[in-house]
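Engineer: Sending over a structure as structure tokens; questions will come in a sec.
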Amino acid sequence: MRMLLIHSDYLEYEVKDKALKNPEPISDEQKTGRLDEVLAVFISVEKVDETNPDEVVEKAVKEIEDVASQIKAERIFVYPFAHLSSELAKPDVALEVLRKIEEKLREKGYEVKRAPFGYYKAFKLSCKGHPLAELSRTIVPEKAVSKEERNIALEKEEKELKSYWYILTPEGELIDVDKFDFTGHENLKKFVNYEIAKNRVADREPPHVRLMLEQELVDYEPGSDAGNLRYYPKGRLIKSLLEQYVTEKVIEYGAMEVETPIMYDFEHPALEKYLNRFPARQYVVKSGDKKFFLRFAACFGQFLIKKDATISYRNLPLRMYELTRYSFRREKSGELSGLRRLRAFTMPDMHTVARDLKQAMDEFKKQYKLSMEVLKGVGLTPEDYEVAIRFTRDFWEQNRDFIVELAKIIGKPVLIEMWDQRFFYFILKFEFNFVDNLDKAAALSTVQIDVENAERFGIKYYDEEGKERTPLILHCSPSGAIERVMYAILEKQAKLQEKGIKPMYPLWLSPIQVRVIPVSDEVMDYALYVAGKLEGAKIRVDVDDTGDRLNKKIRKAEKEWIPYIIVVGRNEKEQNTVTVRRRSDGRQVEMQLEDLIREIKGQTEGFPYKPRPLPLLLSRRPKFRG
């Protein structure tokens, strides 16, 4: 690092134009700046500084402090100045170093201003001209630290962050997790154990994997990377319906749907801190000499749209949504598990721009309720998942009633994780977590209040007086990854199987809702007539025209979890009725076809519909496994 330190009567600047393709995002207020009676510090961050930027920051701050104390300066102007060196660091590293110098000087009590990075700027200053008014410094890191080592240190810092664990009851009682009586809350106890132990590796295959294979829904793809799956027609139908359902719910809530790229530039300055957190978990793509990473959320694209948008206070809260197909994370191979943890996944992702904390908390509560509603629609009630709420001690002390209200809404005790200080970008977060048959938990719905990224990405809104303001941002996935929803549905049914209860999909998600079984070929025409009527009513139906015996046909339908089995013979044909086996209650009844249609439509009203994913006749279908 090269530094030129000038004690000046004043320093002022004005941004003229971009010097980099992706400069630091700035507001209109940041396009000009001035400080009087100031120590101006012109800085070139060099290539060698990349080996240990943290050491360079510490040394630079110490040198600046030494000079400031000698000249008795209380104001410091950090000014990016590329012209002190011909061996410059990468823009993302340079910006990180400059930001950290600014932050650390401010923490030490100085009034600090930093000129924007990545722009051509005009500037004026007036050097005081005394013996210490013009000084230069060169800083060289003594110990080279690789980027990988820096990120290992970051992960270690996160792991060492002390968590305080409590159970919060709907009555508002906050109880140390070791003192809570878990009687009647055994699933919560399993979730607590999982969270505190943080053991993500399963020692055996979870039951949903067997079910997804048996049902010919989803399978492993040996021709791809681990954690990338193939979907057979029935699995694709379920996944597609879930995608449509969640998207419709979010748009109904008031979000605007967008679409953004799946890859982003490694050197984009606003993305640097995201990327450095978990570098080993990114897929990297090269295009020419440039490196790109595959997104692991929709945040990047939506934030960049918001940065370029003109947003008024009248537009707030502003909700934006994308269903990412796909998001990518190179999860550790030992943590990959069926549909529970993948490397390529489909994430419904909504981001809300909120004016202030009051509006953000109001949205947080609404999105909490929205998430409950979305999960209810896929067959998951509060009895099926456990709630975790995470925040700092300060937030709890200032917003206790708000947190207690969340426990009241869910109507049962929730897990609290509390920190003494904020390490992450959010100040409040909840997740609805499904605990599976191996006592492993997976987060489904989640909402976070983000206090950092609006500033990092340069997202602004204009208030009533036309002044630029920095908002807060809520991250919301009302269902969690679509694959995880499928995992939770299958794991819940596996639990029911263990209790001797017949497993079922929610009716609107059943790939085949009705199977028609003719007792003989002579009533095949009537079987096809019945199927045609049902199909005309937008009910997914098929016909077992194979040569199997009747009992075997019924067993096949049972194994496929088909909700309604219609058996038609000569009697039904003559009377124009159907004999229905209802899976939900095990009853067999004779009824008019119109009554069955009415019953099914009543249960699927309000949910999306897609046609049957396979041929009408079973004899025409391929077998995808075995």
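All positions are counted from 1 along the displayed chain.
Yeah, the Cβs are placed from backbone N, Cα and C, and that goes for glycine too.
So Swiss-Prot has the following annotated:
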REGION    1-145  region 'Editing domain'
REGION    207-506  region 'Catalytic'
BINDING   C299, H351, H475  Zn(2+) binding site
Engineer: List the residues of the same chain that sit at least 6 positions away from H475 (Zn(2+) binding site) in sequence and have their Cβ under 8 Å from its Cβ, in sequence order, or write 'none'.
Structural biologist: A297, C299, D349, M350, H351, F426, T446, V447, Q448, D450
Engineer: Looking at the region 'Editing domain' (1-145) alone, can you tell me the average pLDDT?
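Structural biologist: Over the region 'Editing domain' (1-145), the predicted model scores a mean pLDDT of 92.
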Engineer: Does DSSP give C299 (Zn(2+) binding site) helix, strand or coil?
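Structural biologist: Once the DSSP labels are grouped into three classes, C299 (Zn(2+) binding site) ends up as helix.
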Engineer: Please list, for the region 'Editing domain' (1-145), how many residues fall into helix, strand and coil according to DSSP.
Structural biologist: 48 helix, 56 strand, 41 coil
Engineer: So among the binding-site residues C299, H351, who's got the most Cβ atoms within 10 Å?
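Structural biologist: Highest number of other Cβ atoms within 10 Å: H351.
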Engineer: Report the residues of the chain - excluding C299, H351, H475 - with C-beta within 8 Å of the mean position of the site's C-beta atoms, for the recorded Zn(2+) site, in sequence order.
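Structural biologist: Leaving out the recorded residues gives A297, A298, Q302, F303, D349, M350, Q448, D450, N453, I473, L474, C476.
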Engineer: According to DSSP, which of helix, strand or coil covers H351 (Zn(2+) binding site)?
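Structural biologist: It is in a strand.
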